[in-house]
Ligand SMILES: Nc1ncnc2c1ncn2[C@@H]1O[C@H](COP(=O)(O)OP(=O)(O)OP(=O)(O)O)[C@@H](O)[C@H]1O
Ligand SMILES: Nc1ncnc2c1ncn2[C@@H]1O[C@H](COP(=O)(O)OP(=O)(O)OP(=O)(O)O)[C@@H](O)[C@H]1O
Ligand SMILES: NCCCCNCCCN
Ligand SMILES: [Mg+2]
Ligand SMILES: [Mg+2]
């Protein structure tokens, strides 16, 4: 059978879209190691810009990693039990649970600017808090919490948790034994998927952080915005390159996890 | 044989939070060591009854669950000492076969060495020697079913509860496992409650069968009781294939266009419905005077070991007749049928139904 | 009766893109108006064969599909004029029952008034009068199945293709719909190909049954052919319940610890396996000399219209015996059995299998 | 002897405890501040009327309209492209597909500023498009800093999400439905419009709504491109930074947030899908 | 040992060197911060109850505004007396540390052979279509400075913005790029070949980043703008902040500005070598100063007009 005209139109469009999404990434990575992007690659390649970014902005990178990890810890400790409640309260059909789910999405729906403004208005007067990394962390936790809750909740809902728990109960396991022995191991893939998402989003969060940060709490994306505005294109590109090197492995891991989750969740 | 417990449900009704009354207050007494099958169409309350016994649901106020005469109504499942096999097995996917089987023992803090021994013994009992290390998703449906059974038995429960444990399997496998299960239950002598909607499974496995209908118990009895002596239209229809013939009563007969059947009770002139089993119908040579119905063959189904005929005798729905496999039938052919009087059933009070 | 088409598959094999050969080149000729059932275990290639006929798959190079002698091999389904009923019905959820049924007519630009008439006629035919406005998700499984059938028939297809149309339904409903379908197919007289893995369905519905095994045709014949005269172990096992007894051949008998069965062909001293149906076994009074096997009852299953016994005669697996319902049996009881010589089957070439 | 227990009615409420830490955090650090913001919004010279400023003030109104139009356009374009591409990717197997899919999802996790930078890479003065057009037509097309750039940027972060949603929905689509339509004589276009599109509709509504909401609220991209278009988030930023007009910034934020939430809620009720995939 | 500055961006006015020198000489760390004047003021106002910042560095009008909003506190550093009166608040709420001159930064290479414009009026020529950029006057201080400079040069006053508005309206035909943020990088990369900006940025591009960038003081005239620092009221580290402010006015601190092509407020700090990087004094004669507090008052009204009429 010959491929139809339609096939080639769709193929062409797909390639175009892929190019649109991927080429800028590649271009910016190349720009980060080009000696002079204005002249082009003929100017040669260099690690100068990367070294410069590393010198200038290294601290923002470590800071962002630290915040992302802290964010992961908090969202896991708080989000997994929360998802459990959403999945199980009143057999998973409670209005309260749906309302909470809705509420949790609000910090994602509402522009980050507003969340940040609200945090500053409400807690800006506590100087120690305001000028510490905790302040940024709070913003990140609010924004990323639903991204932990949702995949965990989804796995909980598809993993026949109620039946598994009933089975465990029939074998004599009490509520806590069930939560740690049955629930947690069986939603681990959801936690992993959520964790990767949380870390990724936290590392890249700009809209909230931009308003929340102080000179001592500048994060990677804020630094990126700075460098885009006030530095050579090559420096901004080098910084972006570093960002990509941090984030892309996480994204690939995420792909892998969701892939294996899907095949494992089915019971 | 271990000392088995008796179970009693006293006025156990169940109304769910959404107001649905899944179970009207029922009474049920199960003898120690007995295998009782709950049988009924979907939604009739079988699972609900089982879950009340398990301690996964609690009866409406006034209801009581007794184990060996002792009130366990308020006890949650983990304290009742029951073993349960779920419809889709509910094996823990994060554990191996062995870990699944030993989970209850681990909860009870039995030492690892003892657990291992027990796993081996149980695996052998369910014919799965050597599969202890397998991952759950590497098992076939029938193997999963056996692991679920072994897991439930590992903790030596006082009561074994099974909710449609064979439904998810294909027909051939179901029959094999049914035989195994039958043998096993008889050996263990443990009080067992088994839920199914498959009447042949119920009859094959149950010492007694509880037929349920819309939240109520329609009949309790041995398989023979419910097959030969159903107490209602519903039970008669639900168990096996049942013919219904409707006609006008009079002169000790019920008459319809294709013939008449002996029936003495009803007032003359009233409508009456008689029931009988396909295998109780004989095809007789016409003109011998022994026939009590005549009709035309609507369809024939060759079923291998027999041939099933649908015959229109002009009395409501077609009469189903099972004949020996040797004869050969044609659609449209007229035949004469005889039903012996002792095979006829009638339910006075339900005629209107 | 409309003028039905014949269908021929010539050397139709099918290898999928991933290299799996689902179908080895097969030959199949279907007569006009005939109902042919494709029967076989999961994965044997039934659906693939059906899809080749439908035009949803195309045979490997060299294969040909003929409708009335005309080559339609390259035609896609939308040009073949076939009606199809899918296992899970594949009703369009965004359309009402009526819109589903009329979809093919709409595609053919039949005016709305005519469509409405046709919908009514078809709804009546499948006993769903008045449901035209229903949403699909408000239908029961059986109703869906009927709508799917009506939709396929609406365009007056030359060929009707059904892929396990009853599998998703429960046993009682399946039997009712099977009878309806049987009657409908005979009335329409349209060439029909019906896929199932349920042998009783196949035998009940098929003019001829094509038994498939791992991408090949194992046997083609009437239901009686395949039941009484299976050409291989595989067919014999797959159709109905079949007993196998293995023993040592010699002196016109096959001997095993529980008895011997008449069998003349094999070389003396060699292993031989004989097969027979449960309903061909008679329980005889012991000591009369008519018995050819003795054994102990392992389990009994009361099935209502009969009782099934598993009897250990010391010849491999237990022998399954179906007895009349009246007798009463005990596990452990020893009984004598007789199998008439004409009921014994043997496949020389497959003894090794 | 078994211990006698009260009827475990309380078990029903047991799960609520699991939500306690999370909800406490949420209430303290999001809901409470938002209420505070609500009050701040009404604390300006015009009082609560600030909440109407979006419609009464010509400049705000224009920027609101521009924001909505831009977002709507982005949404429609994204849906159109993603349906075609998503279906294609779902239905065709080819070497390197999983790698390609992985790469396609990267932009999902890029912060808005990076997306803005990507647009500069594409449509800036030294961008790819300018280079290609200069080579082809002798004229470098540069539109990164115009409405076109913003549009491109929003497309950039919207397309991956919708493609993923379309693919997930298409995967669940029963192939038998399409075959059934074909068996009834439908041509490919009819199959698409009568069967495929209706089946994808709920997913399209929900992902379209998210796409719209994200575009309305997107700040980082607009900030980086710092274009001539005053989208509402930039207006809010401007009120805050240029004039320290917190009341107006708060009021506009609240209005913007409420609108976004409303769009999502409406979509959810239309598509009947509580789990409108957000990522 | 911190002193928190709002708006001490390492890539602007060579704060990078300054911050390093401060650390070396006083042991005080000033973390780099990349806000702009508006942002800094807004944040300080928002944090009024409990400030994070100790001092801020802003365009002069913002220093004046900050005093009005009562978020700064007076401080007269060592060297106070050497600051000309018009370049400081009499009470010390703000004082200038250096100034810059508005003009045209031109990336000569990016013009691809077109002549370097010499006057504001030159910019209206069609040949510069798409090549001109200026920061949004409604949102960036630098943008407002540019607009005021044009207005003054073309005969307007702080009471009469018509000449400036009319010029910007006419300029729209050339499709200017109007970013909201510092766009030094884009000038350098050729994204924006002609950008309204400060002399020190242009010199930095030319001498430090070695780009072929020219600075033009338009023939009609322009504005020079003082940049000031203010001590934040109730800041967390007032003592450290004061030490930093003192250093900024010290010979050493002022010399750093001069070497970064900024005009130090204490003229004596300008060395010969530093002076050599600047355009000749004759050119600078066209750069005027203005009543900065009135300029501050006019900003909101101008923004409204700009947004209503030009955009
Ligand atoms: N948790 C629940 N909340 C509300 N109604 C319920 C609940 N569980 C069961 N029901 C309803 O109670 C009735 C009986 O349900 P039950 O599960 O006991 O039926 P069943 O006989 O086991 O049916 P099946 O053969 O389908 O499993 C049904 O109408 C069912 O819809
Ligand atoms: N699209 C496909 N690509 C690859 N292999 C396929 C495809 N479709 C079917 N097969 C394989 O071809 C073989 C025959 O499949 P087919 O669907 O015809 O079996 P079947 O007899 O209909 O089985 P079932 O009763 O399970 O429906 C199977 O091994 C199956 O895995
Ligand atoms: N779900 C949020 C993922 C972040 C994507 N970035 C888009 C930028 C919008 N400002
Ligand atoms: Mg049930
Ligand atoms: Mg199939």
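The backbone N, Cα and C atoms fix where each Cβ goes, and this holds for glycine too.
Unlike curated records, TrEMBL annotations are generated automatically.
Residues or ranges marked as transmembrane segment in TrEMBL: A:7-33 (among others). Within its own chain, the transmembrane segment (A:7-33) has Cβ neighbours under 8 Å at 41, 45-47, 49-50, 233-234, 237-242, 244, counting only residues six or more beyond its boundaries.
Taken from TrEMBL, the feature transmembrane segment covers A:61-87 (among others).
The annotation domain 'ABC transmembrane type-1' is assigned in TrEMBL to A:61-254.
TrEMBL lists A:108-126 (among others) with the feature transmembrane segment.
Nonlocal intrachain contacts for the transmembrane segment (A:132-149), taken as residues 6+ away from its ends with a CB within less than 8 angstroms of a stretch CB, comprise 63, 66-68, 70-71, 74-76, 78-80, 82-83, 86, 101, 104-105, 107-108, 112, 115-116, 119, 123, 191, 194-195, 197-198, 201-202, 205, 208-209, 212-213, 217, 219. Residues or ranges marked as transmembrane segment in TrEMBL: A:132-149 (among others).
Taken from TrEMBL, the feature transmembrane segment covers A:179-203 (among others). Sequence-remote contacts of a segment are chain residues at least 6 beyond its ends whose Cβ falls under 8 Å from one of its Cβ atoms, and for the transmembrane segment (A:179-203) they are 64-65, 67-69, 71-72, 75-76, 79-80, 83-84, 140, 143-144, 147-156, 159, 161, 164-165, 168, 173, 220-221, 243, 246-247, 250-251, 253-254, 257-258, 260-261, 264-265.
Counting same-chain residues at least six beyond the ends of the transmembrane segment (A:238-257), those with a Cβ under 8 angstroms from any Cβ of the stretch are 25, 28-29, 32-33, 49-50, 52-54, 57, 61, 65, 189, 192-193, 196-197, 199-200, 203-204, 220-221, 223-224, 227. Here TrEMBL flags A:238-257 (among others) as transmembrane segment.
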Legend entry - Long-range environment of the transmembrane segment (A:61-87) - Cβ separation under 8 angstroms, sequence gap at least 6: 97, 100-101, 104, 133, 136-137, 140-141, 144-145, 147-150, 152-153, 156-157, 161, 179, 183-184, 187, 190-191, 194-195, 198-199, 202-203, 217-221, 242, 246
